[in-house]
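*Asks:* Below is the structure I would like to discuss, written out as structure tokens.
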Amino acid sequence: MTKLIIFLIPQMISLLGSSALQMGIIWHLTLSYSSGTILMAASIAAYIPQIIFSIIAGHIIDKRHRKLLIMLSDMVSASLALILYSVISAGHDSLYLYFLVLAGRSAAAGFQTPAVESAIPFFVPIPLLEKANAIRSALSSVVMFASPVLAGILMSSSGLKAVIILDILTALVAVAVVLFLHVPENEEGNSYSFVSGVRYVLSDSRITRPLFFHLLAMLAIGPGAVLTPLIVERLFSGNPAALSLSEASYSLGMIAGGAAAALFSCVLSRIRRIGISLSVYGLMLFLMPISRFFILYLVMNLCIGLISPVYSSLFISEIQERADKSRIGQTMGIYGAVSGVFPLSLIVYGPLSDLLGIEEVFIISGAITIFIGIVLTRRLLQR
């Protein structure tokens, strides 16, 4: 487990800079243009390439290129950040360059994330997979809590260029550390083609059924992942302090949930715990708009934050355990693509919130999530 933690530390350093810069760019575009269309385009640029390239990356990862991909991803991200810094320093402020940088960094993450996730089963035996993924989730939660704070401080004091410098430095530190680490690879590089690798994943019901379950879950929880600011704005005045408390409650919940998953074990089966965690998540979504007390909303948001790393660490452990190690890169690549689809649910939930109201959208989302957790868990996850 010590080797795994040493491997994860540079990944968290890199994630700190990457998350801070992505938030910095989004905030900069928000303040500069105040356009919903531009923010939607920025969100598409920040998410869609990762979904696409995650599928492609898995095949390369399985060819014994895991360490190289991790380092190259950070180097590409840092290079794009350096280009952005140079253009801004020259006095230019191109909207399309921001989109290009977001898209390029998203594509790099599409290679890096499955490379890291597929390495974990090589560091620890199967009985420790849950604990290993919980540790990674806890570390990620701490970083995701710290990155907006750090980005806000730097943006307020020195502007976007300071956040860009932070990202470049963290990427360089991460690459330097990984360079001297041993990153496990498949003992024999794969000889299968990209098409046959995808076909393997999609034809194995032990993999496809859980992935379909996860896809449904990600689409169902979309409002809880991205629309909570609308709940705060429409039901609880929406002042900056309320929005900050909402984000803080979720982030603190994630830290607590990740730590709890790493420190404590449970006698219930993993599949049952996945179903329970998703059902509780759905219940919180269902109750959020019903409560008219902000403190109760914060408690529910805290619970959602707490449940999120528990569900994710359990589910990713289930996928890693089921996957053939010679094709785990391809499997985790497709898993990463599925995990990234939740913003697409906004295509439905966004207009629906304007048509029916944000309260009704959360109630519908919560009910669907509860149904998936209670009814579909055993049907789709049972081995």
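Cβ from N, Cα, C; glycine included.
What TrEMBL lists as transmembrane segment is 36-56, 68-89, 162-183, 211-232, 248-267, 274-290, 296-316, 328-349, 361-381.
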*Asks:* Who are the chain neighbours of the transmembrane segment (248-267) in space, where the CB to CB distance is under 8 Å and they lie at least 6 residues beyond its ends?
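*Replies:* Contacts of the transmembrane segment (248-267) (Cβ under 8 Å, skipping residues fewer than 6 from its ends): 130-131, 134-135, 137-142, 144-145, 228, 273, 298-299, 301-310, 313-314.
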*Asks:* Quick test of the contact rule: Cβ under 8 Å, at least six residues beyond the ends. What residues does that give for the transmembrane segment (36-56)?
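*Replies:* Those are 22, 25-26, 29-30, 95, 98-100, 102-107, 109-111, 113-114, 194, 198, 333-334, 336-337, 340-341, 343, in sequence order.
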*Asks:* Quick check: do the transmembrane segment (274-290) and the transmembrane segment (361-381) share at least 3 Cβ pairs under 8 Å, counting only pairs 6+ apart in sequence?
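*Replies:* Between the transmembrane segment (274-290) and the transmembrane segment (361-381), contact is present.
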*Asks:* Contact between the transmembrane segment (211-232) and the transmembrane segment (328-349) is defined here as three or more C-beta pairs under 8 Å separated by at least 6 residues; is that satisfied?
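*Replies:* Yes, the stretches contact each other.
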